Every structure is written in C-alpha cells, then in structure tokens.
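Shown next, in structure tokens, is the structure this report addresses.
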Amino acid sequence: MLKKDMNIADYDPQLFAAIEDETRRQEEHIELIASENYTSPRVLEAQGTQLTNKYAEGYPGKRYYGGCEHVDIVEELAISRAKELFGATYANVQPHSGSQANAAVFMALLQGGDTVLGMSLAHGGHLTHGSHVSFSGKLYNAVQYGIDETTGKIDYAEVERLAVEHKPKMIIAGFSAYSGIVDWGKFREIADKVGAYLFVDMAHVAGLVAAGIYPSPMPHAHVVTTTTHKTLAGPRGGLILSAINDEDIYKKLNSAVFPGGQGGPLMHVIAAKAVAFKEALDPEFTTYQEQVVVNAKAMARTFIERGYDVVSGGTDNHLFLLDLISKDITGKDADAALGNANITVNKNSVPNDPRSPFVTSGLRIGSPAITRRGFGEEESVQLTHWMCDILDDISDLAVSERVKAQVLELCARFPVYG
C-alpha cells in the first residue's frame, strides 16, 4: 500500500535539494527568456494528480482501455475550452509538445519529400519550420524565407516569389524570435495563389491571441498549432487547432497524433491544460497580456535610448532581439554577464550574424515571466537600465554585484508565488 505521507525530501534528499535549488533560482532570478513563464498553483495542482496513473490511448468515447469515463470528461473540458478560447471548430489537446504538434501537422497534410516554405531559423523561425537539423528539413524539401534586413520585418514579396517558384504544398507562418505583427491574411493569399496549405505556428503569441491583442490566425490558416506554456502560461505541452470545418483534415490530424506519433496521452497534463484554458478565459488574463506588451515595448525603447540596437527598431509583441554587433559583445558573453547578476536571458542569432549559433551576436528578451510576477512599466524600465549598466562594461564586477543586489531586492518585492 502506498502511504500518503511518502515524500521526496525524506526518500531522495539529493533530488529534493536540486528541486529546492531550482525553486529558489526562480524566485531570486529575473526571467527574461521569451519562451518561459510561470504556471499558476492550480495548474501545478492538476499536473500533480493521480491522473498521471491512467492510460487512455485513443480519444474521448473511443478509447482502447477501460476505466476512461472520468479522464474523458477531463479531455472534453480541455477541448471545449480550447475551442472557445481561440474560436476553433477542432482542437487536439494530446500533443506532448509544440514540436510534436508540428510533426503531426506535417504527417497529416504532407508526404515525405513534399516541398514546404517556412521562416529561416537564422531570421526568427523555429527548428520545425524547415531547419536542416530537424525532421522538417530532413524528411521534406524545405525552402526558407526571411526578413527584410533593412526593416527587420517579414519580406512578403520574397515569400510570394519563393512560393511561386517552388510551389510548396504547405507554407508555414509563425516564429520563435520575431517582434512584429504577422499578416496572416497575406500569408493565406500567397498560399491560395499556389494551392498550398497555410499552417500557422503561434506558439509564442498564443496568449496574446487568446486575449485579443494580437491578430488571430484562425480565420486564415488551415491548421494552427501552439505550445500551452509561453505566453499562454499553462503546462508544457502542445495543441492543434483548426476552424476550416473540414472533417477529413480533422481525422487526419487526430490519426497523426495518435497512433501516428504518440501512444497514450498525458492525462495529468491535459487536466493542467484545461485549467490554463479556463484561466485564459478570465478577464484578468487580458489585463495581464496587455501589460506584457507594454513592458516589452518599454524595455525595447529604453535599450534604444541607452544606445543599443534593437532588431526592427522595437516590438509589437512580447519579445525583441538585442543586436550587440556594434558593441562587439557576443551573445554568449552577454548572457553570462547578465546571469552573474541573476538576470536570465538567452543568446540568440541576429540577422546577418557573423558568429556561430553557439556564440551569436544577440540576445532574445521577453516580458511574459516578469509581468506574471507583477512587474509594471516602471520596474521594466529600471531593469533595462540595470542590464545596460552591465552590458556597457561586462568586465566591471562591481557593477555586476551592485545590480545583483538590486535584483534580489526587486525579486523579494515581487515573489513568483506570494
């Protein structure tokens, strides 16, 4: 018999110490990685339930195992809330990750060797949008588009030219490091011109889309995917959506997830997704997302005022790229210097980056996590000044120590879990 008072601390102190250290790090460090966020205690509670014990291969009402009557309710709640949140007529909540959701779309709509047109990783796309190191570039004929190097915006003329030239079966819109507003309608216009599917990966902006402050791709795309963390602030996982009312495609998508790419769904994670979708339907979520954008804009503006280059000259969403080429600082060194002061970012390539992806010449900076813990525009601006103080001379250890003390004080004022 399993006793309810069994715990990690007593049984595995080494593991427990690592967990406690990570908890402390999250509280005492300022998180600026654009793809990270903090889930609510309700999401954590759902993810820690006995639902993790239940195998449920298949879909609600069509399971391969018995005893699924209760987890069917859980999954149906997640599906209905996802549809309501994004205005979809189809939702699959089973993908374990955004990349697995994307892989399912490829499997459902394409044959091996088909041509796809996606955003270059070097210009802000994602590995699964056709990178040569990903399944999307290895199993398919991937053609890549980029941004206008002058404006930092998507070059729609190039997208159309490449589409007409290569006749892709699927065009991928979406990004992992792009600070502008994407014209989903323009992408659909190009896709229709060449008879291609339009697949949108909105993983980074799903929360903004749900709140109605970033254009929704749902009226334009054949299929949409997203992660359920990032701006959506739910558990780590994936989601597939559509609003085209095409049952044939819906069946293909379901089959591509199970049995095509996965076995049993993670029912405890699906429960956590259901909680997160309900939270995203609350009015407070819209207020949060509005502040996310305000904070990101304030940070980008402050960097520019301090003499730093921001790709595209600012941001219209939750993230931006800091170009350090003119400062002769590598992204790797900048990442480390800020990390020493308890400010967590990630090094990132910038357009025309002369350095390798392991070194880079830029930083990707995002505001979802700091906003989640309560930072407003004032705190965001102050934080940016501290970051500039460090980047002005990354060898100045006195500045680093001073900023670290200020960061710790600010984190104490705005705990993640108060």
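A Cβ is built for glycine as well, from the same backbone N, Cα and C atoms used for every other residue.
Listed in Swiss-Prot for this protein:
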- L121, G125, H126, L127, S356, P357, F358: (6S)-5,6,7,8-tetrahydrofolate binding site (BINDING)
- H229: site 'Plays an important role in substrate specificity' (SITE)
- K230: N6-(pyridoxal phosphate)lysine (MOD_RES)
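Where Swiss-Prot records a feature, it is marked here on the structure.
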| residue | record | DSSP (3 states) |
| --- | --- | --- |
| L121 | (6S)-5,6,7,8-tetrahydrofolate binding site | helix |
| H126 | (6S)-5,6,7,8-tetrahydrofolate binding site | coil |
| H229 | site 'Plays an important role in substrate specificity' | coil |
| S356 | (6S)-5,6,7,8-tetrahydrofolate binding site | coil |
Do you know offhand how many angstrom separate K230 (N6-(pyridoxal phosphate)lysine) and S356 ((6S)-5,6,7,8-tetrahydrofolate binding site) by C-alpha?
26
Would you mind checking how many other C-beta atoms are within 10 angstroms of the C-beta on P357 ((6S)-5,6,7,8-tetrahydrofolate binding site)?
12
How many other Cβ atoms sit within 10 Å of the Cβ of L127 ((6S)-5,6,7,8-tetrahydrofolate binding site)?
16
H229 (site 'Plays an important role in substrate specificity') and L121 ((6S)-5,6,7,8-tetrahydrofolate binding site), Cα-Cα, nearest whole angstrom:
21
Mind checking which of H126, H229, F358 has the fewest other CB atoms within 10 A of its CB? They're the recorded positions.
F358
10 Å Cβ neighbour count around G125 ((6S)-5,6,7,8-tetrahydrofolate binding site)?
25
Whole-number Å distance between the CA of L127 ((6S)-5,6,7,8-tetrahydrofolate binding site) and the CA of H229 (site 'Plays an important role in substrate specificity')?
18
Including all protein chains shown, what's the count of other C-beta atoms within 10 A of the C-beta of the residue listed as 'N6-(pyridoxal phosphate)lysine'?
28
